[in-house]
Ligand SMILES: [Zn+2]
Ligand SMILES: [Zn+2]
C-alpha cells in the first residue's frame, strides 16, 4: 500500500534505474541471441564498463549531500559583496534564519534533516534549506545539483551520453543487418520478439541519448562560463530590468517609492575558462580526476565564497538590484535615531516604550501566508499609463490584492520561472522580513 506522503517524485530514481538496466543489460541479452552478429568480447567489456561508470555517477548524483549551511552562522562572516547593494543588508534567508551565502538559493524540496515530520504547512516550509551554488533541483536524481553535486552530475551525463552513444552504434549495426535481410524467408531471420526488442531498444536509446545530450551541452556551458542555470535566469531577468529602466529614465521604483538606479552589471563569477572548469569540477587541476567516477566530492569547506572577476566594483552584489525583490523599508534601528538617547521620566514610561518597540518588532515578522505579492510589471505599467494624471512617478510596485501570482511569475525566453529550477520563489522574491534586529545590531557592533 502506498503511504500518505508518497509522491510521484519518489518514482524518479527507480524509473531511471530501470531505464539504465533495460538499455545496458537487456541489450546484451538481445545481442547474445542475435546470431548474425553477436557481441565481440571487447564490445561486452565496453558496454559493462560504461554501465558501471553510469551507475556510480548516478548513485552519487542522487545521494551525495548537496550541502547545507554550517550550523553556526559564525563560520560565515559576510563580506561587502554579500550585502545587498541597494539595501546594504547582508543577504538573509528567513526560512533558514541564517545568512545566505552568495550563489546559494533556498530549495523547496531538499530537506534539512532526513525525515522531518510536520503537520503544519507553514512550519513545514522552514524544514527546507539553502543550497550552496544551487544550479537546479533535478527531479531525475531527486537531489539538488549544487556546488557539491555538480561534478557527479556532469560525469553522469557524460558517461550516459558516451555509453548510450556507443550502444546506439551497436544497435544500428544490427538494425542494418535485419534491414538487408528483409527479403529472406522469415525463419532465417530474427524472431518477432527479437525484432520488437531491437525496435524498442533503438527508440528508447535514441530518445534518451538525444535528451541527455542537450542537457550535457547545457551543463558544459554552465561549467565553462561558471554560470548556474539559476544565474542564467538571473542574467536574463537583469537584462529585462535594464530594458525597463531605459524606458523609465534609468530608474525603477522599489517599495516605499524609493527610486533604484538600474544599470547594466557584468556577471561576476566568470573568471576564465580554465579556472571556471577547474573550480566547477571540485578544484582539482588533475584533468583525469574530472572524469574519474570515484573522484572526491568538493571539500566541504568550500562553496561559501567564490572568486570574482574585476569587471565590476567588488562591492556590488549579485544578483543585481531588483526592485521587485527588495524588502519593504524597515524602521530605524534602535540607536540610529534619537530613541536610545531618550531618557524617561518614569520607569513606567520606559516600560511602555519598550512594549511599543516589541510590538513593532513582532509586526515585522509576518507569516509567509500573508505575503503581499507585487503586481506584474506590465499590469502596473498599463495601470499607470491609463491613469489620466500628470503624476511623473514610474510604475512602482503596486501590491496585488486578490491575485495569487505577482512579479515572481516572470519567465525567461525559454518560458521558465524561478520555481521551475526548484527554488522557493516566495523566499527569493518576497523575503520581506528583514534580518532580525539582534543580528543587525551584532553586525553593526562588529563593524565599529
Ligand atoms: Zn534558506
Ligand atoms: Zn533541492
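Counting starts with 1 at the first residue shown.
The backbone N, Cα and C atoms fix where each Cβ goes, glycine too.
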Range among 192-217, 218-243, 244-269 that TrEMBL annotates as transmembrane segment: 192-217
Transmembrane segment according to TrEMBL, located in which of 156-172, 173-189, 275-291: 156-172
Feature region 'Disordered' in TrEMBL, mapped to one of the ranges 110-138, 313-341: 313-341
Tertiary contacts of the transmembrane segment (192-217) (same chain, 6+ residues out, Cβ under 8 Å): 19, 22-23, 26-27, 30, 33-34, 154, 157-158, 160-161, 164-165, 167-168, 171-172, 174-175, 178
Under 8 Å by Cβ from residue 138 (active site, S-palmitoyl cysteine intermediate), same chain, sequence gap 6 or more: 61, 144, 145, 153, 422
Where residue 138 (active site, S-palmitoyl cysteine intermediate) sits in the secondary structure, as DSSP reduces it to three classes: strand
